[in-house]
Amino acid sequence: MNNTISPDKSPYRFKFSDQTKGMFFAILAGCLWGLSGVIGQYLLQTVHIDTAWMIAIRMWLPGTILLGLCYRKYGKNIFLPLKNRKDIIYLVNFSIFGILVSQLCYFLTVKYSNAATATILQYLYPIVIAVILTIYLRKPPSLYVILSIILAITGTFCIITNGSIYEITLPPKALLYGGISILSSVIYTLYPIPLLQKYNTSTIAGWGMLIGGIILNFFYPFWHLEVNLNVVNWIELMIVIFGGGMFGFLFYLIGIKLLGSTKGSILATVEPLSAVFFSVFLLNVKFTLIDWLGTACIISMIIILAVKKV
C-alpha cells in the first residue's frame, strides 16, 4: 500500500492568492521607495554625494535596463513613441518636467530636511490633482474633496510648523523644493495620460527615465564623482538607484495589476510610513507627536482620494 502524499496534495504546499501576492508587491514597492529616500538622505547629508549626479545615474541606468526588458517582451514596438513628432514632444516634456524635476526636487528636499518630511510633503500631490479636476470639470467640490483639503492643510501645518503658528521649522530651501516636487508629481501623473493610452506603461517610463538621465548626464557625467565611496556606500547607492528607481516601480505595477489601481495605490501609501520608520530607526530622526499627527492626516487624505477616486 502506497502511503505517500502526492506533491499536489501535500498539506505543506501553500498557494497564495492574487490578492495576497498583489498586497505583498504593493507594500514592498512602498517600503523600497521609503528606504531609498532614507538611504539617499544619508548619502547626501553624510557622504556628500552631489544630488544631481545621483539623480542622473538613478534615471539613465534603470531606464536603460527597463527598456531592455521591454524590448525582450515587445520587440521593436518600444520605438513607436519615437516615430511620432507629437509623442516625442510629450515624452521629452514628461521626462524633464515630470520625472527629472520630481526626483531632483524630492531629493533636494531630502537633503535640506529629511526623507520622511520630503516623502510626506510629496504625497500632497493627489489633493492638488483633485482640486485641478474639480476646477476643470466645473463642479462643486464633493464632501470627500473638502475633507481631503482640510486633512492636507492640517497635516502640512503640523509638519512644517510642528504645531506652532509662530514659526516654520523647515528650512526655506526644503519648502521651496518640496513645493516644486508636489507640482512636478502632478505633471508626472497627469501629463503622460495621452501617451499611456497609446503605449505600454513600462516603455513610457523607461524612455522617460533614459531621456531625463541623458540630459542631466551632460551636466553631471556619471564618471565625474567628486567624493570617494567605500564598498558600503556603493551598495547604498545601488539600493537608491535600483531599489527605489526600478524595482519599486516594477513591483508597484505588479501590485496594481493583481489588486487593481485603487487597492494598489492605497497599499503603496506605506511609503511615507516606511520613510518615517526608517528615518527614526536608522538615522535617529526625531519625530514628535505633532509630526505623527501630520503624517496621519496626509495618509488619511491619500486613502480617501484613492477610495473615492475624486
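Heads up, the Cβ atoms here are built off N, Cα and C, so glycines get one too.
According to TrEMBL, the protein has these features:
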- 21-160: domain 'EamA' (DOMAIN)
- 174-305: domain 'EamA' (DOMAIN)
- 23-45: transmembrane segment (TRANSMEM)
- 51-69: transmembrane segment (TRANSMEM)
- 90-109: transmembrane segment (TRANSMEM)
- 115-136: transmembrane segment (TRANSMEM)
- 143-162: transmembrane segment (TRANSMEM)
- 174-191: transmembrane segment (TRANSMEM)
- 203-222: transmembrane segment (TRANSMEM)
- 234-254: transmembrane segment (TRANSMEM)
- 266-283: transmembrane segment (TRANSMEM)
- 289-307: transmembrane segment (TRANSMEM)
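Between the transmembrane segment (23-45) and the transmembrane segment (174-191) there are fewer than 3 Cβ pairs closer than 8 Å, counting only residues 6 or more apart in sequence, so the two stretches are not in contact. The stretch from 51-69, 90-109, 143-162 with the most CB pairs below 8 A to the transmembrane segment (174-191) is 90-109.
Listed stretches 143-162, 203-222, 234-254, 266-283, 289-307 were compared with the transmembrane segment (90-109); the greatest number of C-beta pairs under 8 angstroms is found for 203-222. Here the transmembrane segment (234-254) sits apart from the transmembrane segment (115-136); fewer than 3 CB pairs are under 8 Å, leaving out pairs fewer than 6 apart in sequence.
Taking every listed stretch (115-136, 143-162, 203-222, 266-283, 289-307) in turn, the largest tally of C-beta pairs under 8 A with the transmembrane segment (51-69) is reached by 203-222.
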